[in-house]
Amino acid sequence: MDFLTLFLIYLGLVLAVTALLCLCSGRKENFLTRSINRASQVLSLVIPSQLQRVTHQALHRLFHTRSCLFMVLHVALQAAVFGEYTWEVFVYCWELQFHLLLLLLPYLLLAGNLGCFLLCSRANPGTVTKSNAAALVQVYAYDGVLFQRGLVCPTCTVEKPARSKHCSVCRTCVHRFDHHCVWVNNCIGASNAGVFLLYLLSLTATAGALAAVTAAFLIHVLLLSDIMHSTYLDAHGQEHPVEIPFVIQHLFLTFPRIVFMLGFVILLTLVLGGYCSFSLYLALTNQTTNEWCKSRRSGGSPHLPSQPQDRPLVYKNIYSKGIWRNLKEIFNPPTVLERKKK
């Protein structure tokens, strides 16, 4: 089996697993969750209990408590990729007389991304407190399906405004809660949703620019080399042009780190591009990730005692105001004063 086939199989498996996780993430009970639970039950019979306890504590600390580990990993990955780009691709491209603006574009996008990263990680996402809960309750109307009036957060002991949710990681209620992002070590809410969207867009653009410049460099190297014009003889003595898998294998053997980096940033661009498209869809329809997931779960939300039990609850997005107003709300969230004026 040649190099290109193995690489395509690997890329297909990674994309398939990513797509499976995205499809199953919004369901309360799904095949993936049941399979993981069953596998855990089987492994618990083999793995020592002490090791299970240590693993459980490590996973809980990693994913259910605020930790800077993913932020450090985020910066380390960017440093490794840009280090390789600077010492390999940039130097070669400068010698090949690539346009300077094209070579500096990834750095400019990186600077913007780091600025959004710092703002998003340090900004207050919109914490609901006892002092501002009464005002935030009046910002959004209750839809009666996902958000019910009169509910009190048992942890924060404050009335929950519509579109808010208690984050078990940050241990606070967040207004217009979207999700908790481990990469910025912060919740995404009303006050930093716009910066987070810019962070995603700039990160995707950075990965795409790196992939474009690196691919342009490798293509330029191939055009300057003789391998594209070379031929080989088959078993019958007939002459054939060199095939693409051999060309890719030649590049991998000549520039292994550059080819590996290119594969990584291409995969990163595809994954981030998909997530950016989903985030833009949520922004343009005035939904949050929390609302999108809840609306797809069977039953929506539990009935209140005052509601008839035989009448099904049907979710309808009452917060959408049109594409442009929805997008404006991401960057300029409404306040109680603005709602009273309307």
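Cβ from N, Cα, C; glycine included.
Bear in mind that TrEMBL entries carry predicted annotations, made automatically and left uncurated.
Quick look at what TrEMBL annotates:
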type	residues	note
TRANSMEM	6-24	transmembrane segment
TRANSMEM	68-87	transmembrane segment
TRANSMEM	99-120	transmembrane segment
DOMAIN	150-295	domain 'Palmitoyltransferase DHHC'
TRANSMEM	196-223	transmembrane segment
TRANSMEM	258-284	transmembrane segment
- Note on the structure: Beyond a gap of at least 6 residues from its ends, the CB atoms lying under 8 Å from the transmembrane segment (99-120) belong to 74, 78, 82, 85, 90, 93, 181, 184, 186, 188, 192, 195-196, 198-199, 202-203, 205-206, 209-210, 213, 216
- Message: DSSP-wise, what's the residue breakdown of the domain 'Palmitoyltransferase DHHC' (150-295) into helix, strand and coil?
- Response: 82 helix, 20 strand, 44 coil
- Query: Same-chain Cβ contacts of the transmembrane segment (68-87) under 8 Å, 6 or more residues past its ends?
  - Reply: 62, 106-107, 110, 117, 121, 182-185, 210, 213-214, 257-258, 261, 264-265
